[in-house]
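Presented below is the structure to which this report refers.
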Amino acid sequence: MSDQQQLPVYKIALGIEYDGSKYYGWQRQNEVRSVQEKLEKALSQVANEPITVFCAGRTDAGVHGTGQVVHFETTAPRKDAAWTLGVNANLPDDIAVRWVKAVPDDFHARFSATARRYRYIIYNHRLRPAVLSKGVTHFYEPLDAERMHRAAQCLLGENDFTSFRAVQCQSRTPWRNVMHINVTRHGPYVVVDIKANAFVHHMVRNIVGSLMEVGAHNQPESWIAELLAAKDRTLAAATAKAEGLYLVAVDYPDRYDLPKPPMGPLFLAD
């Protein structure tokens, strides 16, 4: 057995924040920019060996993350500062490591997760924003956030989300368990906050697209429940844009003792 094979292997978890507006999603792909590719390149430079990361949730093109979690294995012994400050120095400005934690062998960023939480941010104003144009979704018709919240409560619990599932979704089942869904207004911002054990493809954006129709009084409050029961994607509203969506938190069993920083995005109070 070579000396290289005898080196100890370290398993490391990282919290990652990124502005997804300039990336073709999280997942590494040929010939297009991805968050995974940039992160692996920076980690490999610090480790001085090739690094492959596994994430809690693969976000789509244009979607952001403030609470993404990844893990990787390495034979490179490094201090925490190397995996945070050192990696950040090698990352583009729109991706950053928020925290680092050594984890046991049985930890997996995706398969150990018990829930994911997303926030969808709508800038509800007659005029479009400029500074946050890629960080929020603009909707000019006045929205009734309380009406949206009431309509959304039928989605709680375990349900078949076929009506809110992208046609190209590869998940084996449309059933998901929604733990909470809250719609609140913060000045001109309407925030849809949803937590579930997992999500089918485009589930949050499809739910938000239909909730905006309810909030604008284009559909009755009962419409969301009717869509859920119909199990027909063609009956629901168009998919909401990617710009307003953030993966803000991932839950894990307490025994892993992972950090829980403020969820953000930073222009919102927690």
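From the backbone N, Cα and C atoms, a Cβ is placed for every residue, glycine too.
Feature annotation (Swiss-Prot): of 22-26, 107-111, 237-241, the stretch labelled region 'RNA binding' is 107-111.
Note on Swiss-Prot: of 28-32, 58-62, 158-162, 168-172, the range annotated with the feature region 'Interaction with tRNA' is 168-172. Beyond its flanks by at least six residues, the region 'RNA binding' (107-111) meets 11, 13, 53-57, 69-71, 250, 252, 256 of its own chain at Cβ-Cβ distances under 8 Å.
Around the Cβ of ARG78 (site 'Interaction with tRNA'), the same chain contributes VAL46, ALA47, GLY86, each under 8 angstroms and 6 or more positions distant in sequence. Spatially, by CA atoms, the recorded positions ARG58, ASP60, ARG126, PHE139 include one closest to ARG110 (site 'Interaction with tRNA'), and that is ARG58. ASP60 (active site, nucleophile) has its Cα within 10 Å of the Cα of none of the recorded positions TYR118, ARG126, PHE139.
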